[in-house]
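Per TrEMBL, the features are as follows:
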| type | residues | note |
| --- | --- | --- |
| COMPBIAS | 1-12 | compositional bias 'Basic and acidic residues' |
| REGION | 1-21 | region 'Disordered' |
| DOMAIN | 33-453 | domain 'Enolpyruvate transferase' |
| BINDING | K48, N49 | phosphoenolpyruvate binding site |
| BINDING | R122, D336, V358 | UDP-N-acetyl-alpha-D-glucosamine binding site |
| ACT_SITE | C146 | active site, proton donor |
| MOD_RES | C146 | 2-(S-cysteinyl)pyruvic acid O-phosphothioketal |
Amino acid sequence: MNDARQHDDANERGSAQNHGASVGLTADKITIRGGIPLVGRIEVKGAKNLVTKAMVAALLGETPSVLKDVPNISDVRIVRGLLEVHGVKVTEGDEPGTLVLDPVDVESAHFAAIDAHAGSSRIPILFCGPLLHRLGEAFIPDLGGCRIGDRPIDFHLEVLRKFGAVVEKQPNGIRMSAPNGLKGAKLELPYPSVGATEQVLLTAVRAEGLTELKGAAIEPEIMDLINILQKMGAIITVDTDRVIRIEGVARLVGYNHRALFDRNEAASWAAAALATDGDIFVGGARQAEMITFLNVFRKVGGAFDICDDGIRFYHPGGDLKPVIIETGVHPGFMTDWQQPLVIALTKAHGTSIVHETVYEQRFGFVDALVEMGATIQIHKECLGGHTCRFGQRNFNHSAVITGPTKLRGADIIVPDLRGGFSHLIAALSAEGTSTVSNVGIISRGYENFIGKLRLLGADFDLEG
Ligand code: EPU
């Protein structure tokens with residue numbers, strides 16, 4: 001395996017039961033009787049894609065950090081486990097959903113303890129910079145995460161090398177060392193990768209001298225990570241045109257932070273409200289980080305009310321309308337939003353196009369929808385107006401959805417996290433009964449989704 005193409009060999013389906021079990025979901029299969037509008041109020045906590053990185057940032061502090069609004073999801077459990085094997089003491093704080101992360105006794109972990117986390121998540125790659133600063137070495141197991149493309153880590157390894165890390169590929173992962181310490185560098189990403197930008201931030205804050213990163217990702221979760229690092233003592237400037245400058249400092253302290261809400265979870269419940277003719281109040285959701293989603297939601301025919309404590313998403317009646325969506329980096333339409341929203345598009349009157357430009361293989365979930373009666377064709381060409389980096393590369397990355405179609409219940413198997421939530425919505429909005437298997441994966445990113453479905457009036461039984 002060459003290091004530019006290193007990705008997980010873990011069988012996502014095989015590990016699904018473990019994902020659910022670690023957060024108290026014992027069933028792996030749900031039988032859903034569809035056709036009931038989801039109505040009610042649910043709350044979202046901190047964003048999976050911020051909280052997990054914030055937990056890693058705690059490694060950089062000389063004193064304990066306090067993170068609030070941490071959701072009980074299996075990705076958080078995995079990162080917690082990996083921190084604990086490196087000597088970080090993680091305890092629950094007084095307020096529910098609060099973690100106290102004490103890195104004072106950070107130590108090198110045994111290979112077996114680290115390897116136990118192989119294939120479970122993509123977050124371990126972000127341990128590199130903090131561990132190199134703290135211990136002078138790091139071992140990163142093979143990564144996991146959703147299978148929605150090849151998901152290489154070449155950008156990560158390239159920037160770490162430029163900071164001065166020595167990277168050595170080994171059969172079960174990557175060993176790194178920093179014999180001469182880490183030094184600030186001039187860096188440019190070929191694509192505004194979220195993970196690689198976080199890698200640079202978590203490494204540069206304590207590297208000696210100045211780091212300049214061009215082509216950075218600027219997702220709200222990254223901005224919140226910058227908030228956290230600033231609280232710890234870092235000096236970070238976000239300039240125009242995706243340039244981030246970091247002045248390295250000699251020491252950082254712990255932070256106290258309430259995590260940014262999970263806009264991907266909020267968008268998923270919004271999509272569920274629209275597809276089921278429902279009405280869901282998502283407590284904790286905020287407008288500013290969802291502006292692009294809200295525009296599309298409205299164009300499809302959904303309605304929303306912005307309130308101080310959340311956003312109400314509902315189907316106001318009338319026909320849903322087709323849209324052309326192109327996913328992209330922030331402030332574009334997030335790739336994580338397209339999968340749940342596709343279910344509503346199967347009910348829209350006309351032809352919608354979804355051009356996926358972030359991941360080359362994020363349409364695996366549509367086979368099950370076609371089996372349920374949706375009319376969806378997947379194309380290799382860039383449809384919808386623009387040419388993306390996947391255009392000449394034979395990837396099935398554009399979907400044409402023709403509606404309206406009625407979905408019928410079926411037996412379906414969840415392929416990945418967001419695709420899985422999309423399958424739940426399909427089953428909830430379909431006529432008849434569906435059996436959705438492998439639902440444990442959904443626990444990677446959706447806290448207590450079973451309890452929330454109950455609150456919203458869904459009719460289902462758990463099995464297995
Ligand atoms: N890429 C490379 N080389 C690299 C890194 C990325 O080619 O070294 C490519 C990827 O293959 C992909 C693109 O760059 O085609 C964007 O990847 P990015 O690094 O931005 O994604 P990520 O950091 O791995 C995070 C989220 C994803 C979310 C994306 C985009 C986490 C743990 N994951 O992934 O969330 O879709 O950013 O916003 O933060 C999810 O929550 O379901 C999920 C997949």
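Every residue, even glycine, has its Cβ placed from backbone N, Cα and C.
All TrEMBL annotations are machine predictions without curation.
Cβ environment of N49 (phosphoenolpyruvate binding site): V194, E219, E221, D262, N264 lie under 8 Å away, each six or more residues apart in the same chain. When Cβ atoms from all protein chains are considered, those within 10 Å of R122 (UDP-N-acetyl-alpha-D-glucosamine binding site) total 18, not counting its own. You'll find the Cα of V358 (UDP-N-acetyl-alpha-D-glucosamine binding site) roughly 18 Å from the Cα of K48 (phosphoenolpyruvate binding site). Around K48 (phosphoenolpyruvate binding site), the C-beta neighbours below 8 angstroms that are at least 6 residues distant in the chain are P71, I73, D75, V76, D262, N264, E265, R444, G445.
For C146 (active site, proton donor), other Cβ atoms within 10 Å of its Cβ number 23. Confidence over the domain 'Enolpyruvate transferase' (33-453), given as mean pLDDT on the 0 to 100 scale, stands at 95.
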